[in-house]
Amino acid sequence: MKICHLYLILISIAFFSGCASDNSKEKIEKKVVKPVVISTWNHGIPANQEAWKILSNGGNALDAVEKGVRTAEANPDVQTVGLGGFPDREGKVTLDACIMDHHNNCGSVAFLQHIKHPISVARKVMEETPHVMLVGEGALKFALEQGFGKENLLTEKTKKAYEAWLVTSDYKPVINIENHDTISMLALDENNNLSGACTTSGASWKMHGRVGDSPIIGAGLFLDNEIGAAAATGMGEAMIKTAGSAMVVELMRHGRSPYEACKEVVERIYKIYKGQPDLEWLQVGFIALNKQGEYGSYCLRPGFNYAIQTNTIKNELINADYKIQ
Ligand code: SD4
């Protein structure tokens, strides 16, 4: 009997260790999946589709993220990015955007008016100027010099929403409605290079002149081509206070998975705002992608989702894990 038991135990050990090695093999295979594109919110789906056309044909991540997020900028029904974005307290649509490539080149525009595609202006800042960031009138002047057209970005729909808001003029952004929907996108291309882009009309009914995290390299977006990339959505002030996206990348450098890194920064933000009235309308979310093609996300409250596409995942929306109800 004893020998028989021993035999069974040995067989079980052999079986389960076989399973374990299969699992770890699967994990390793997951790590080398590329290209990968990940972007925030529902409008990440059409944005990923556009990016995927480039990535799946061997194109580079920088082109993919720029082309990808332009879909949201051009869509008047996306009321938090580009054309049709909610205006500020003075009824003006002011846009923020930034882009970054695998050489740490970056370009950014903030408080830009009348230009539908701030992400492409940000790319021009990166490629055509000795600077990283242009704002306001200077950014507009530069965009016009570069051949971008001047447009009215306030649609009938957003004008009506603004007029309705004016009745109370109360600044208490509605969670997941008025303080979100920036499109942030990260991509890893076939050459193993990362890029990221982030573009928004910012928080609805913000003060005129307010700039959020989205055009701030390190807050709304950051990447290190040796490690990974991260980007944010939600109340920008919180990401600026914590250098959120840069921190996610640093945490990945120190061994955290993309999910763990996003979670740790959200925890830090929660700690800062806990007990403060601002917590009432605080939503923040991060997406992250590492150099091995692993991705993850975490947010403060339920409601944030992101779109992911790889060779094995066909552009799907995933609800991010969250900290509080
Ligand atoms: C900002 N982060 O300006 C942006 C707002 C937003 O998804 O919509 N984020 O603070």
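Yeah, the Cβs are placed from backbone N, Cα and C, and that goes for glycine too.
Predicted, not measured: the structure shown is a model, and the values here were computed from it.
Pulled from TrEMBL:
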- THR182: active site, nucleophile (ACT_SITE)
- ARG210, VAL211, GLY212, ASP213, THR233, GLY234, MET235, GLY236: substrate binding site (BINDING)
- 1-20: signal peptide (SIGNAL)
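Overlay of TrEMBL feature records on the structure.
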residue: THR182; record: active site, nucleophile; Cβ within 10 Å: 30
residue: ARG210; record: substrate binding site; Cβ within 10 Å: 17
residue: VAL211; record: substrate binding site; Cβ within 10 Å: 19
residue: GLY212; record: substrate binding site; Cβ within 10 Å: 26
residue: ASP213; record: substrate binding site; Cβ within 10 Å: 33
residue: THR233; record: substrate binding site; Cβ within 10 Å: 31
residue: GLY234; record: substrate binding site; Cβ within 10 Å: 30
residue: MET235; record: substrate binding site; Cβ within 10 Å: 24
residue: GLY236; record: substrate binding site; Cβ within 10 Å: 27
Pairwise C-alpha maximum, in angstrom, for the residues (ARG210, VAL211, GLY212, ASP213, THR233, GLY234, MET235, GLY236) that bind substrate according to the record: 16
Where the C-beta lies under 6 angstroms from ligand 1, the matching recorded positions among THR182, ARG210, VAL211: THR182
Cα-to-Cα gap, the residue listed as 'active site, nucleophile' vs MET235 (substrate binding site), nearest whole Å: 10
THR233 (substrate binding site) - helix vs strand vs coil (DSSP): strand
Conformational class of THR182 (active site, nucleophile) under the three-state DSSP mapping: coil
